[in-house]
Amino acid sequence: MRIERRHTTTGQSPYAGIDFRLTTSEIRNPDGSVVFKLDNVEVPTEWSQVASDVLAQKYFRKAGVAARLKKVEEESVPSFLWRSVPDTEALSQLPEKERYVSELSAKQVFDRLAGCWTYWGWKGGYFTNDEDAQAFYDELRYMLAMQMVAPNSPQWFNTGLHWAYGIDGPGQGHYYVDPFTGKLTKSKSAYEHPQPHACFIQGVGDDLVNEGGIMDLWVREARLFKYGSGTGSNFSRLRGEGEKLSGGGRSSGLMSFLKIGDRAAGAIKSGGTTRRAAKMVVVDVDHPDIETYIDWKVKEEQKVAALVTGSKINQKHLKAVLKACVNCEGSGDDCFDPEKNPALRREIKLARRSLVPDNYIKRVIQFAKQGYKDIQFDVYDTDWDSEAYLTVSGQNSNNSVSLKDDFLRAVETDGDWNLNARTSKKVTKTLKARDLWEKIGYAAWASADPGLHFNTTMNDWHTCKASGDIRASNPCSEYMFLDDTACNLASANLLTFYNVATKHFDVEGYEHLCRLWTVVLEISVMMAQFPSKAIAELSYEFRTLGLGYANIGGLLMTMGLPYDSKEGRALCGALTAVMTGITYKTSAEIAAELGTFPGYKKNAAHMLRVIRNHRRAAHGQSNGYEALSVNPVPLDLVSCPQADLVSHAQAAWDAALELGEKHGYRNAQTTVIAPTGTIGLVMDCDTTGIEPDFALVKFKKLAGGGYFKIINRAVPAALRALGYRESEIAEIEAYAVGHGSLSNAPGINASTLKAKGFTDEAIAKVEKALPTAFDIKFAFNKWTFGEDFIRDQLGIGAEAIAAPGFDLLQAVGFTKREIEAANVHICGAMTVEGAPHLKAEHYPVFDCANPCGKIGKRYLSVESHIRMMAAAQPFISGAISKTINMPNDATVEDCKSAYMLSWKLALKANALYRDGSKLSQPLNSQLIADDEDEDDAVESLYEKPMAARTAQVSEKIVEKLVERIIVMREREKMPDRRKGYTQKAVVGGHKVYLRTGEYDDGRLGEIFIDMHKEGAALRSFINNFAIAVSLGLQYGVPLDEYVDAFTFTRFEPAGPVQGNDSIKYATSILDYVFRELAVSYMSRFDLAHVDPTESNFDALGKGVEEGKEPDEGHHASKLVSRGLTRSRTDNLVVMRGGSTAVAQGNDSAPSGGSKVTALASHGASARVGDVLEGAVALKQEVSHDLSPTEKLEALQWSKSGTAQTLVPSKAERRAEAKAKGYEGEMCSECGNFTLVRNGTCMKCDTCGSTTGCS
């Protein structure tokens, strides 16, 4: 083949006109800990910090790269393509630590990728001469550096490591078909033939243990997950529940095996340690177990709700039952007899009313009877990574139902539908098609699964129908082909071809890229190895490719075209038609030189029919299609905003058909539209795949850490395209992003602040904090100005300042309306709705997938997403990965209508995601106001007898008094001589010393942390962190707040723990420290790996009648560290005048003494004798429930105006993420709440991780 140079010059480096810079790549956890850091990284100057971080963190090879290399001469290969190996002689001259290094330059990565492709292309005979090979090598490197295109992640991981660095290792059970002999060969090297494929479809037969069967599939899936790829399978061949087995007996059914596969996938994070397994499960709609399958995730979500709610109800009532026993003033066993203990009787009735099992109630009473004062009952939450979700099944795959047209027509006519046995083919059940359709609609509405595969349409466009039907897809549903095949992907960045100045899309440049990258992907098939024999053979036989694009949403906005418009859809259709037409034309050209794919001859008639149908759509024909059940949406020739795109598209398809009829095709498929998650970040795409944008204001990462707000770069370009003046554009931008200053702010500005008592110095402080503030309240708080200033200068009392949810601006007299107006001016509206100068008819140009900002109301409709997909689908070999976002108030009928429209517009697949359909996702608004909870409390109070009402009201009065005491308290100084304990341990190979200091009553008041032989910086940070925690404890911050914030944080050092009797593994130093403190001071044995007390109600006991011993524990607690004894004093002996008594630390009061209700703090009971002592015990129980707005104020500002994060809770971080336009879920790799929906998957904007395979 001849290769044209379009971007490079013969004899010049492809990087000659590209500036490069050095940067530091760093990714941090939300708590500030470093996940990854690499210095002196060389990247193109125009690359963003996020693109640089993703390249450095994910795609740089960090091990085994020899510092000295030498070329291996090959006679038949041009010298510039000779591969390299380590130069052992030169390496021996270097210090041992310097011999093997990491890749540090983007040029190294571009060179190894393009060099490897060109090397194999040369050996495969793809180039006419040396000059063509050199041009191919140079053009590819230029395109990669300019972010014009990117291959899928496995190419970045694996391709060129053997060619560029001589990295090698023994085979891992992979296979390839030798391109020169055509023979299936087992790989002897793990690297010589790279594994560049991201997407796999695997078959599974109705066989338990043999090759190709059920258990074999889990092994094959594990091999793919390990290397970072995704896989999908159709399980419809598996027998339904109750079907006969060949050896006698009955089948356990489809679902039993799907649950095994789900557990296996959940145990393996895709890529070994990087992300969850990417997996697709498909079941045909006529399978006997289809109803159970459709309801699978719905019922599992219900189980999560039951676990969460039930655990809270059980804990509440069981603790109340135990408390009624412990606080009883009766004698002997009377306290444990509900007939003699009215309080116990009442609590048992309440527990039964809440359906707490009688057996458990009885168990707790027996537990109390043995002398125990508290019970540990785990409470679950709806967090995606919580124990509740880990307990249920069905959470590790995308589930789809495969529908044929006869089912959908039965839905339209209200016909019957038969479910058929797998073996006998007999009808096992007949039901109404609409009833099953209703189940599908409800399940999608309630749990976001199943998605749908429109199987008839998929197979109508199938190029190789003679070789079998398409039955499944990869996890993201863009690759659809025969079982046991694979596809390697690459995506073009459409925006790089658009010239903003000339308002013209470079069609020729786009065609040039499509041609070259068809060759790249074809060469990748030739050089690849595969995880099984079948996949190796069929991938060689059909040679499927997956070229696609990204940034269509960014391109449309830049051009000033609404995503939901005829022009936008026509442009999308034309660009897609050009791409696939050129790829098939190129495939035919390769076939003329190297021959067709081996399966072509058998399928020539089917393939040419499909190509003719593609061509008809490109020529705008509405009918005349061959053998299609549903006609596609043809190219809109009139509405396309750039006429030459239409003519190029039609010419490409004319040539593709003409050359194909003459030479055949090298590839059975050539294009898909993938979600482009991680690779979209490497290309700095505003939008991924075919998606619109998700927000107009983005948070751009800085090289030194932190973020700053910027307008989406497409917005000013769109405004210029729409004819706005630069001054108007500047004002619209400032409206969206904010002015970052008090200057000219309405309501709140320098003059109004001075009138309220603010000094010039205070105003200067807040001005410094405002440019990076997400909300004005983040800057106007006590951490910016200091409590002394607010109290002394502004005259606000200490009690008000310390109150939860304290709002300084409201406290000094500003109204909510004034605050909101100032907030929009200073911090930005995060939307252009309501912006000055912007005409209402231009609003649709800036519509996103979700409403933007706090005041944004507009977002793209469900139908607009589906119609955009329909505009592209007729020109795609495979399908489109996309999830349709639906608002929270969407109905089941809306879901069914969306699916029905998708079928009628000839889509091959679709999936829906209704906002709030997962329990783990936070709602955008509160269901009912807090005061309605108070109404419920009043109603329940009136239901009780007068004595109980009096007791409850009195308790509330005490509670308020206690709370007031707590709120008003100043710093509680530690005693000069204090007790505590020192714990030495080794965490992940690093020595850690934890020392505690306690108040006289045993409460924790300070901690010291030291790390043995660590660097000065880390030791200093850890020491100062301990001081900060100690100050918080002394000012009344409950220990459980720290425990909740810092347990389960992840950063190095981490790993096994030695030297601690309770903690055996920690995910970080902070995780270890706060687990230890929680176990020792809060009796949080759920955070321990070994229970130090074994004080469960089924334990053997201590050998004494614990409930009848004298109360001596409160004396002993003043003499011994509560932490050292793990909050237990039952093993202490108090000597008094020669007599011995067993001290029961938390026992009941002696008979005859006054009894005050004990106020327990997180499992550590405390006998309280008066209100003040009650306040001390109760302070850790005070729950500062914040509103969503208050939760956002977790960001605190230091006196310098710099943001200081006190690690807000997950709920707080979710709320902020939702406000910024993210999904509100946490990235499982870096812990940041920056996930955006990406096709059927999710993508992290911080670290680049995806839940899919690109």
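The backbone N, Cα and C atoms fix where each Cβ goes, and this holds for glycine too.
Of the listed candidates (G121, G230, G509), Swiss-Prot assigns G230 to the same substrate site as S153, A198, C199, N474, P475, C476, S477, E478, P675, T676, G677, T678, I679.
The 10 Å shell around the Cβ of T676 (substrate binding site) contains 34 further Cβ atoms across the protein chains shown. Those residues noted as binding substrate (S153, A198, C199, G230, N474, P475, C476, S477, E478, P675, T676, G677, T678, I679) have their most widely separated CA atoms at a distance of 18 Å. Nearest in space to C487 (disulfide bond), taking C-alpha to C-alpha distance over the recorded positions C199, C476, T676, T678, is C199. Residue with the densest Cβ environment among the recorded positions S153, N474, T678: N474, by other Cβ atoms within 10 Å. Within 10 Å of the Cβ of C476 (active site, cysteine radical intermediate) there are 36 other Cβ atoms, across all protein chains. Checked against N474 (active site, proton acceptor) by C-alpha proximity, the binding-site residues S153, C199, T676, T678 yield C199 as the nearest.
Annotation note: T678 (substrate binding site) sits in a helical segment as assigned by DSSP.
Cα to Cα, T676 (substrate binding site) and C476 (active site, cysteine radical intermediate) are separated by 11 Å. Rounded to a whole value, the Cα-Cα separation of E478 (active site, proton acceptor) and S153 (substrate binding site) is 16 Å.
Reduced to three states, the DSSP call for C476 (active site, cysteine radical intermediate) is coil.
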